[in-house]
Amino acid sequence: MSSFQIYRAALLLSILATANAQQVGTYTTETHPSLTWQTCTSDGSCTTNDGEVVIDANWRWVHSTSSATNCYTGNEWDTSICTDDVTCAANCALDGATYEATYGVTTSGSELRLNFVTQGSSKNIGSRLYLMSDDSNYELFKLLGQEFTFDVDVSNLPCGLNGALYFVAMDADGGTSEYSGNKAGAKYGTGYCDSQCPRDLKFINGEANCDGWEPSSNNVNTGVGDHGSCCAEMDVWEANSISNAFTAHPCDSVSQTMCDGDSCGGTYSASGDRYSGTCDPDGCDYNPYRLGNTDFYGPGLTVDTNSPFTVVTQFITDDGTSSGTLTEIKRLYVQNGEVIANGASTYSSVNGSSITSAFCESEKTLFGDENVFDKHGGLEGMGEAMAKGMVLVLSLWDDYAADMLWLDSDYPVNSSASTPGVARGTCSTDSGVPATVEAESPNAYVTYSNIKFGPIGSTYSSGSSSGSGSSSSSSSTTTKATSTTLKTTSTTSSGSSSTSAAQAYGQCGGQGWTGPTTCVSGYTCTYENAYYSQCL
């Protein structure tokens, strides 16, 4: 993805504290908001999990361990406390969060709402949260051979904003077991990393990032340090009401690593060093609008962003198992009871509607993009990180590096919009300036709800209903619906299915498969490999 810089304007006592971090403060008790989500099985039954979310350490007050004196104010460190990276980590503490009042974060049952601007005793901009398995560990998702489904409402996200849901290869405990300088851990949202190898993090690997710190020239709250935090990133969803993309970003290592200076590459390094790091900062992306399908996604279009909808992402392996090699990433939607196939590319040289190795190579060639995706392992490398387990990130942000034009406008701005790959959405090239977006759209927000995870074909047919009611028990189950309306971008067919027919895009065959082997009306059971056939 492009730069992930979720910025905020001055928190009363401190701003944008650590992201892999030091000691624990005692001024505010940390209480994680609850969030239910479901795991599903191949027969369509789903079990509700009583989870919780934690805000990233970058949003927290960080202060001296011996007082309420800020370690970091504005976009500068207090050099009397933070004389070097190691000393700073020992001298500074993260404190608890007040989620709704300070950050505009609320939950209700399975629904998480993130407000863009929250005006409390100070002004907060955006947020980044992680799903937890317990009070001290992040939930790890192993995506291979599975599908991940959620409902989203982007109707209140204008040009320049990004409601992003994605996975990164963070440590489950936030780094406490590996780095003795990190006492806060996942409970306080530490350990962040992504494919941009972000250098705006205040703490990495249990040490501060104050050495070589340079305050930002266009943001009063941020800066760049000598170190960055790198790891593989699977952007399942980056979107506003105008455009969306899903993108795979592999890295050379399946685990988080620390990098130095401009050799980190990515958004935070000098332009000539963008591709000098160990990760792919561009990734292999699928944006229907960028691929010429300009009538698929947006207000009043096939996927109508005026209303909530369900996003389904499938991670297909060569043998249909969770231990196979990643070969394809598929997308479909459910809205108003209709299953909607992903908007296909309109370019003859870039075929299909999913991410495959062939798609990535042909897209890079057509758009003239440097193919660093293959350099860092391609889909197979992305799959290796998935096999290890990845942490779910839920966020809302604006973009001080590129005004989000890479998502929803013409980018680069000095290229003709008629050049393949330049047009990414209908937003003006003058849009997305953070100061303008924050002033004109302070009430923007995104909601994520009804998160489900399970074998391919197990989640979405029961996940299209709206609502966020809380389950009474972590062991309660819901049963997959047995009828739906089916829709592609060119053809619509309706009819009831039964337990003897697989749903649209569901599994319908393969070695060891015991479910239905026929498809609902309008769909054909299509052979993918010896272990997997799908209704297409």
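Every residue number used here counts from 1 along the chain in the order it is shown.
Any Cβ shown, glycine's included, is placed from N, Cα and C.
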Checking Swiss-Prot: of Cys427, Cys508, the cysteine bonded to Cys525 via disulfide is Cys508
If one measures from the C-alpha of Glu233 (active site, nucleophile) to the C-alpha of Cys535 (disulfide bond), what distance in angstrom results, rounded to a whole number? 29
Which of Cys508, Cys519, the listed disulfide-bonded residues, has fewest other Cβ atoms within 10 Å: Cys519
Given the disulfide-bonded residues Cys525, Cys535, the candidate whose Cβ has the fewest other Cβ atoms within 10 Å is Cys525
Check the Cα-Cα distances from Cys519 (disulfide bond) to the recorded positions Glu238, Asn351, Asn414, Cys525 and tell me which is shortest. Cys525
I'd like the number of other C-beta atoms within 10 A of the C-beta of Asn351 (N-linked glycosylation site), please. 12
Hey, does DSSP put Cys519 (disulfide bond) in a helix, a strand, or just coil? strand
